[in-house]
């Protein structure tokens with residue numbers, strides 16, 4: 001996904017020069033890295049998508065418009081917080097902001113809306129009958145975790161309620177229990193009929209309704225909670241574009257979500273959030289069954305050792321790249337910017353390395369939901385993505401992806417040919433005329449250096465295209481012409497006009513055009529290289 005924003009200036013390049021030109025033609029990974037230049041011109045267009053979580057700091061129409069102008073592509077609603085009424089107002093504001101921003105651009109600018117489910121989770125009960133009371137746990141002390149509902153609102157230094165009734169059957173002595181995002185750790189010493197006797201390993205202040213993690217323990221929580229079902233049906237009513245499904249452990253969970261979405265929600269994309277060891281072990285079946293993956297590093301960093309999260313991230317992204325499924329990298333990417341206007345150098349490297357790993361999108365959470373500098377966060381992320389995209393060794397990645405493609409159909413072969421043609425011709429863009437989006441998504445898989453302009457008449461297809469690296473989705477609203485070839489040509493011209501208007505296509509540039517030989521989805525097999533007039 002891409003769009004050109006108010007901050008994207010055309011780079012000053014010589015004829016046939018590309019950003020990081022010296023590195024682009026390297027023969028080895030080491031040589032490629034040696035040739036990277038810190039003062040290379042920045043690409044004109046960002047190819048990675050930016051997901052922004054909408055909250056109190058960003059939910060106004062005015063702020064949403066500014067975020068779109070700065071680079072937001074997908075608006076995420078976190079259903080761990082807020083009522084349906086609150087989220088309905090957010091959806092309405094996003095759509096109003098899209099209308100306002102589109103009017104300024106002179107064409108419809110698609111922005112996707114994502115519903116992030118709360119998911120099945122384990123939580124503690126109330127401390128001392130209050131939502132605000134806390135207890136101080138100290139290292140070496142003993143505390144009981146109980147499933148006895150008598151203690152639901154009577155948590156104390158001696159005993160605290162947890163809402164997972166089967167915990168005594170899955171946890172063994174020696175297992176660790178993490179509470180409150182891993183800030184407090186307990187070691188299980190004894191397992192009783194309805195309680196665990198634990199020793200405090202790392203103490204701290206424990207409040208009410210805090211999350212509980214059981215790293216390495218195969219839990220049997222329902223894939224979709226009653227709250228999730230209600231939220232999913234709300235999402236169908238609101239016509240959201242995608243679901244970010246929390247704590248997905250296997251492919252069966254996706255089948256259950258699909259059943260809840262029903263016929264009316266059959267076209268909603270499901271992005272599986274991998275947040276525990278079970279999800280990692282079943283990753284291949286989850287990728288195959290779903291529409292994409294989110295590397296949800298928050299809970300994942302509690303469920304597995306923190307020093308192994310980068311391995312999980314690289315494995316998830318690579319497998320998604322190989323399968324041609326979109327992948328989002330999330331959690332604490334610019335965390336310090338919740339309070340500060342500038343990121344740490346480590347955070348910039350984190351964003352850049354997610355792009356270099358192959359992520360299609362990067363995500364902001366609290367940074368835009370509750371932070372003091374939401375616009376600065378989006379701009380920082382957008383600028384970092386562009387630098388990283390230019391530094392990627394595209395030719396090597398393309399060759400690896402082609403080698404792993406196996407036997408392919410005609411439209412898939414056309415996608416590979418289009419990317420190779422664009423590279424050889426130094427094309428400014430690839431224009432794809434698409435109905436379902438499939439042909440554009442296939443081109444995206446092979447990671448061209450240039451933007452992919454995906455022209456479609458279907459608004460939801462355009463919005464969902466933001467999940468994929470490199471796509472500039474455009475909605476063509478004019479009715480179809482009787483002559484198929486003329487109808488294709490006017491849509492191609494529309495794509496070229498938008499590219500010229502945004503400055504990344506110029507007169508005399510080469511552009512690769514990918515179309516179908518007849519009307520409908522699944523007939524894409526024609527490639528042309530045209531010179532822009």
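Here the Cβ of each residue, glycine as well, is placed from N, Cα and C on the backbone.
Fair warning: this is a prediction, and the values are worked out from it, not measured in the lab.
Among the features that Swiss-Prot reports, substrate binding site is placed at 76, 298, 299, 331, with the record citing similarity to another entry. Per Swiss-Prot, the feature ATP binding site maps to 78, 79, 80, 81, 123, 210. Summarising the annotation, Swiss-Prot assigns K(+) binding site to 78, 80, 116, 117 and lists similarity to another entry as the type of evidence. Residues annotated as Mg(2+) binding site in Swiss-Prot: 275, 299. Annotation comment: Swiss-Prot describes 273 as site 'Transition state stabilizer'.
Of all the binding-site residues given, namely 117, 275, 299, those whose Cα is no farther than the 10 Å limit from the Cα of residue 79 (ATP binding site) are 117. In the three-state DSSP assignment, the secondary structure recorded for residue 123 (ATP binding site) is strand. In three-state terms derived from DSSP, residue 298 (substrate binding site) belongs to a helical segment. In sequence order, 295, 296, 297, 298, 301, 363, 365 are the residues of the chain that are 6 or more apart from residue 331 (substrate binding site) and have a CB within less than 8 Å of its CB. Of all the binding-site residues listed (78, 80, 117), 80 has the fewest other CB atoms within 10 A of its CB. Residues 76, 298, 299, 331 are recorded as binding substrate; their most distant pair of Cα atoms lies 18 Å apart.
When the alpha carbons of residue 78 (ATP binding site) and residue 273 (site 'Transition state stabilizer') are compared, the span between them is 13 angstrom. Taking CA atoms as the reference points, residue 210 (ATP binding site) and residue 116 (K(+) binding site) are 19 Å apart.
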